[in-house]
Every structure is written in C-alpha cells, then in structure tokens.
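Following: one structure in structure tokens, then a few remarks.
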C-alpha cells in the first residue's frame, strides 16, 4: 500500500510539473504573440497587457520567483510575504531563460541596463486587508509600441518598466520605488522627465504619460533615476527643448539669484516697516506701493525656498503647496505692477475727478483676490499642475555632452505655464510698457509747456528710471530667451529682477526724501513770509 501511495504521489508531482511547464509555454507563446502583433487599435494593446498581467498573477511556479523572456518582453513574478523587507532587481543579475523563438530574434531588441528597487512599505496596506502570500509581477518592454500617446512621445532607450502587486493598487508610498535607466546616448537639446502610463489620461481613453508622483534625478551623466510613490509602468520621457541652460552658468546664476533675492527681501522688509512706523497720514498712493512691496517680498521668499522643497526628503504635498504659493506670489506681483500702471494713468491723465469710493479696498481685492482665485481654480481642476519641476541643464562631460536636472517647486502643466505665467506676464508687461511710453510723452509735453530749464534733465532721468522700476518693465526680458539673446537675457533678467525689491526700495527712499524736502521748503517759505514786515 505504501508503494502505491508513493507511486501516486510521484504521478501527481509529474502531472503538476507538466501542467506548470505547459503554463509557462503558454505564457511565453502569449508574450511572443504580443511582441509581433501590430494592432491598429490601442485598446487591443491594452487588453493584451491586462491579459498578460492576469496570467502572471495566476500562474503557479515552484520556489520564490519566475522569469520568462522573449526578445522584447521580460516577465518576472515573485512570491512575497507580509514580512517583506524590500527587493532590488537589476538587469545585470536577472536570470536569463531560453527565448521563445530562435536566437536570431534576439538581435531585434537590445536590452540595456535598468534596475528597480522596491521598499519594505510595499506590502503594508495589502497585508492589512488580506494577510497571506502576495504576488509581485514585473513586466519590462524594450519596445514602446504598447504605450503610444497622442503626441507619439519619445522614450529613453524605448524602455518601459512596469510592476504590479496582487490584491490592490499601491499608491502614496512614503518610501518611493526607485527605477534606474542607464544610457550611452547624447541628450543635447532634450529634457528628461520620469513618467508613468496613466489609463484614461487626458483626451485618450486608453491612456497617456503623466509625471504625477514621480521625481527625476540624474546621479551621473549616463543614469536617470526615477523616484515614484506608486506602482505602474514607468519610462523616461524625452522632450525636445532647444533653449537649455549650460551647466557652467548654473553656479553664477544661482549665486546672483540668491544674493539678489536676499537683498530684495531685506529691502522690502525695511520699506514695509518704515511705512508702518511713519506717523504721517497715509494716502492711497503709498498703500498701493506697500502692497507691491508685500507681493515682491512674498515672491522672493517663496522663490528662495522652492529648490530646497523640491529635494527628495521633503513630502511632495509640501512642494505642491509651495509651488502654488510661488505661482500666487508671481501673479500678485504682476497684478500690483499693472495696478501701479493704472494708478499712474489716473494721476497723469485724469488730474481732476479721480475720486473712487473705497479705491484701495477694490484694488486690494483685485491685487490679492484674483491671483488667489486663479491658483485655487488650477488646484481644484488638477492638483498635479504644481509640484517638482525639472529644469534641463547641460554639462560637458569628458566623454561628450551629458544631461542633468535641477528641480524646483513650480508649475508643471505646460498649459497653465503658457496661459497663467507667460500669457499673464506678457499682458502685464505690454500694458505697463504702453503706460510708460504714454507717461514719458506726457511728462515731456508738460516740461515743454512749462519751458523748464535744462537743469531738470537729471531729475527727468531719475523719474524715467523710477517709473521703469515701478512698472516692472524689466520682466519683459523673459520673452527674449532664444537664439543669441539667451545668455545676455539670462544674466540681465536674473540681475534686474532678483534686485527688483531693492530697486523699489531706492525709489521709495527717493520719493520720501523728495517729499520731506518739499515739506521743509514749504515750512521755510511759510516762516519767511511770517517774519517779513
């Protein structure tokens, strides 16, 4: 009887092994059919992908892991427990198995170096709901025809690396998943950003590439590191950007911005404190100036904090909040510049009958309320419009041109940047340039009528410079960042606008000295008239 039981057990094991082998062959055959299929509909690719995922999640295999590979697709499955301590996978250490077809097919797709690192936090939420054995699957593609978006985006090495955990989705990880891509190609003229495939994204129901929840780093000129807080299919998006900042200029531009913004912060604080400490009666003009100083102060503070909050230890929610605050500060600053231009028009163009009930209150609602409304509207539509923003920088490495990234908390949506940064700033600059030209023409006409002597030429020059600063016309330099103007524009824009708060402080001091001198002259004239017999 014991011999019969042993024989039955051996037959069962043999049958199970044969069934398992047949399942693996079926998987390999399915993967091979996927790589050679050329469907017209993206939904067909999506169904194939989901079918492969289900087959990997449900297949049986002995041991800890299973590795299957065809020339263009590599599939891995791992058995995990609730005491999972993390997992690191590298293309250099992955076990290679025989190809589904002959070796001649291998040359069609070249597998380069890549790696994925999963944190111990990966299984925590799944173990709370369904403790027991979990299944982690990884699917790697060396061809991106399964993931074509509406823009036909270019991917680094054409690699797409995906991962999925059984028993639910994995989102909002505190310790991110690290995905590394190595390359040996020149990336001059391109911006690299880590993205994931989001089904139903944008106008395409089958999906599109999205940067949400991912940060882009480049530890070396040949490696791109993606830190993402969820599991899905990841890639590195290559976007053509002709106007890139040379790495050699990054240090001096950063130093100029740091020093200039720091000086402007101190100058704006002094101006606001002097304004509140003044015992004189405050008119509407001074209140408008102080609101502009306050917006510039907020802009400089948020700008200086932005790069630090984009670093990996800081939660992305904090970076999103700071990016929204920075955008709000910029919109407020631009709005108050336009208000200064409008107020200048009233002072010079409508000398009489310019009384407006609750004038400063209405301007305050416009200057602070409208930017807040615009930022809140962007956040309500899609909060991912703010977050870590990658600035492309090129460096000349020993073996050629290398690419590196600098990050800051800023607007990530190209549409929002085009409309509510460049468009809003362009309209403000255009309006204030028109007001400045009209104001200079008006002042010249008044001087000619008064038959002023040439001695007032110095005074007129100071007035012109002061109005130029007050209306923020130097911000129009942002629209000259192309071609031969790029390098001069970078330095002029950085110097002039980082010191914008300091220039306003100088204008405030000159106006204060002028008003005090005029008041002193009036007192002396009154005293002399009283003493004259």
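One is the number of the first residue shown, and numbering goes on along the chain from there.
Backbone N, Cα and C atoms are what each Cβ position is placed from, and that goes for glycine too.
Please treat TrEMBL annotations as automatic predictions, because they have not gone through curation.
Under the heading signal peptide, TrEMBL lists 1-21.
Residues or ranges marked as domain 'GAIN-B' in TrEMBL: 78-244.
If you look up TrEMBL, you'll see 253-512 marked as domain 'G-protein coupled receptors family 2 profile 2'.
The feature transmembrane segment is assigned by TrEMBL to 255-276 (among others).
According to TrEMBL, the transmembrane segment annotation covers 288-310 (among others).
Taken from TrEMBL, the feature transmembrane segment covers 322-348 (among others). Outside the transmembrane segment (322-348), and at least 6 residues removed from its termini, the chain residues within Cβ reach (under 8 Å) are 285, 288-289, 291-292, 295-296, 298-299, 301-303, 305-306, 309, 354, 363, 366-368, 370-372, 374-375, 378-379, 386-387, 389, 409-412, 420-421, 424-425, 428, 431-432, 435-436, 438-439, 442-443, 467, 470-472, 475.
According to TrEMBL, the feature transmembrane segment maps to 360-382 (among others). Here the transmembrane segment (360-382) has Cβ contacts under 8 Å with residues 284, 287-288, 291, 295, 324, 327-328, 331-332, 335-336, 339, 343, 413, 416, 420 of the same chain, all six or more residues outside its ends.
Summarising the annotation, TrEMBL assigns transmembrane segment to 415-441 (among others).
The transmembrane segment annotation in TrEMBL covers 462-484 (among others).
Look at TrEMBL and you will find 490-510 (among others) tagged as transmembrane segment.
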Checklist line | Residue numbers, six or more beyond the limits of the transmembrane segment (255-276), whose CB comes under 8 Å of its CB atoms | finding: 282, 286, 289-290, 293-294, 296-297, 300-301, 303-304, 491, 494-495, 497-502, 504-505, 508, 512
Item checked: Model confidence over the domain 'G-protein coupled receptors family 2 profile 2' (253-512), averaged pLDDT -> 83
